[in-house]
Amino acid sequence: MRLAVGALLVCAVLGLCLAVPDKTVRWCAVSEHEATKCQSFRDHMKSVIPSDGPSVACVKKASYLDCIRAIAANEADAVTLDAGLVYDAYLAPNNLKPVVAEFYGSKEDPQTFYYAVAVVKKDSGFQMNQLRGKKSCHTGLGRSAGWNIPIGLLYCDLPEPRKPLEKAVANFFSGSCAPCADGTDFPQLCQLCPGCGCSTLNQYFGYSGAFKCLKDGAGDVAFVKHSTIFENLANKADRDQYELLCLDNTRKPVDEYKDCHLAQVPSHTVVARSMGGKEDLIWELLNQAQEHFGKDKSKEFQLFSSPHGKDLLFKDSAHGFLKVPPRMDAKMYLGYEYVTAIRNLREGTCPEAPTDECKPVKWCALSHHERLKCDEWSVNSVGKIECVSAETTEDCIAKIMNGEADAMSLDGGFVYIAGKCGLVPVLAENYNKSDNCEDTPEAGYFAIAVVKKSASDLTWDNLKGKKSCHTAVGRTAGWNIPMGLLYNKINHCRFDEFFSEGCAPGSKKDSSLCKLCMGSGLNLCEPNNKEGYYGYTGAFRCLVEKGDVAFVKHQTVPQNTGGKNPDPWAKNLNEKDYELLCLDGTRKPVEEYANCHLARAPNHAVVTRKDKEACVHKILRQQQHLFGSNVTDCSGNFCLFRSETKDLLFRDDTVCLAKLHDRNTYEKYLGEEYVKAVGNLRKCSTSSLLEACTFRRP
């Protein structure tokens, strides 16, 4: 008896015996009407969800900020917020993250974001950096697309003092219509719409009103959302009389808003704690809720309806929910432009404008060796280059997206991911010596499959069950091209079953494609130089020491044989001991790569954000003139294209960084065939970053 009581006490204290996981989502409501709807939500979910399923509890607070604090303190679990409040929720000490997004439109084409744009008449002739002295049309004071975003981005161009903000804006434009502004204190903000009425009684109020202000000729520019012009002008010929102002001081047609906008603004979003936030449970609850009580599902209770108010718990105009990818934090979800605009307004900080003197370029380095080289570059550049570290290439891309870093050079596979994340190529590594290297369009390189000559029975057609060596998951020659070709043959993504073993850095640690890797401890199979079989040289070493086939570039074998690589594993290797697999089932000597390869691949390219494009281009061209291939003695001087190990920051065989001319988007740079091939392989992608970026830019 005493033992039994003791056991029960242990169970009670530790909570370990037959523990039932807490499947309750505590929803935060900010008014009596919201609390009433929350209780109805709770009761109706009980009637349709099994007893072991998710349930709702309601927590009432006085404001959204109180809800944010309650969730951070684990007194509540979820609340739906607009974009501005998502920014507040993300800031320390709250540290909340978006977990579920409302969508609008159809299930087939769900809209989770809108674009804030600056619309002008086609014949007006000015650019974004020439708005001073123009007449402006705004949806309303304090509204996202019509005020916060454009004024936030223009903040540093406003005349000082910038407080009060309304006065600075009034002095920047020659006249405005900013509904809801104080016309007595700031008459210039009401010059185009006398009275500045804060309702539809003011003909220039709201999205359609701001566009009408432009259309009528009262203003020169209207700050609205991307759909406004389509909602007000059904005829394409009429829409063609208008253009969008882009942040890089160019213009684009109104239907190119995805590539020419002030910011991408997310829809209303459910937020939760970043750690222990029940995000999967919240999604399970809301997914089941929309199945039972979504649009046109039930007359008893409707998630997206507010009989006793407007937009209670969720927006009445929402059509459903989408799960936010787990890789996406609030900064990525809101986007660099939006975060910059809001931070400028709240903190009075200024972004780097394209017309400013270029600030240092923050280069993203992977691994200890890359950081050492980057630091040496930084010292030699006399402050033109600064260094930022990240564990993986995808982490670097994310840092560039959110402004923590500015640039890095990427393999074509990662140029694709970076492009999907909104980054742009700015210069290409060129590996061919010529009299005018910087102006010579790069020709690309060949992706090849290398085997040992002694394995004479091995061909492209009988690779199943063999041991494979890859540069890294997601890279061009080592993964995208060979796996894309294999996918077309086997019609599934289980490459870890196709090969018996392999080393494909970036694979899941328990995958057979990590079994051949040589990294120790946590560095095993990591997609950086801490894994000895990472990259071109690493994949070839994997073949030399353990594998049957290596997927690399055509220069890899000659660069690591004949004594060119002095490392102990490579110094005695002979190029003649290796052969290439051809797609027709034959084999050829290594030097015949032009007639025996898997595909031609795009050269590595430097990527950056659109707002840094001009500065990165300018500074890198200066840097290569100082430290490029014209430096002959690298023993006593810093050389940009030489490495203590292999291919640090840039490929070691880079001759120069070449201009892209008109190939300044990832699609144009990579080419239609490569983009299509990588797109087909996306269904096999394990890239959490690609998933997140595709959510933002479908």
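Backbone N, Cα and C atoms are what each Cβ position is placed from, and that goes for glycine too.
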Ser55, Ser124, Ser685 - the residue Swiss-Prot records as phosphoserine: Ser685
From Ser47, Ser136, Ser298, Ser389, the one Swiss-Prot labels phosphoserine: Ser389
Record Swiss-Prot, residue Cys396, disulfide partner from Cys358, Cys364, Cys421: Cys364
Fe(3+) 2 site partner of Tyr445, Tyr536, His604 (as recorded in Swiss-Prot), chosen from Asp411, Asp567, Asp577, Asp633: Asp411
Per Swiss-Prot, member of His261, His268, His292 binding Fe(3+) 1 alongside Asp82, Tyr114, Tyr207: His268
As recorded in Swiss-Prot, which of Cys137, Cys350, Cys358 forms the disulphide with Cys213: Cys137
Winner by Cβ contact number (other Cβ atoms within 10 Å) across the disulfide-bonded residues Cys156, Cys421, Cys503: Cys503
Any further residue of that chain within 8 Å (Cβ to the Cβ centroid of Thr139, Arg143, Ala145, Gly146) of the recorded hydrogencarbonate 1 site: Ala116, His138, Gly140, Ser144, Trp147, Asn148, Gly206, Tyr207, Ala210, Phe223, Val224, Lys225
Assigned element (helix, strand, coil) containing Cys67 (disulfide bond), judged by DSSP: helix
Length of the line joining the Cα atoms of Arg143 (hydrogencarbonate 1 binding site) and Cys137 (disulfide bond), in Å: 12
Overall pLDDT of the domain 'Transferrin-like 2' (361-683), taken as the mean: 94
Most Cβ neighbours inside 10 Å, all chains, among the disulfide-bonded residues Cys396, Cys615, Cys634, Cys684: Cys396
Among Cys28, Cys374, Cys387, Cys493, Cys639, which are disulfide-bonded residues, the residue with the most C-beta atoms within 10 angstroms of its C-beta: Cys28
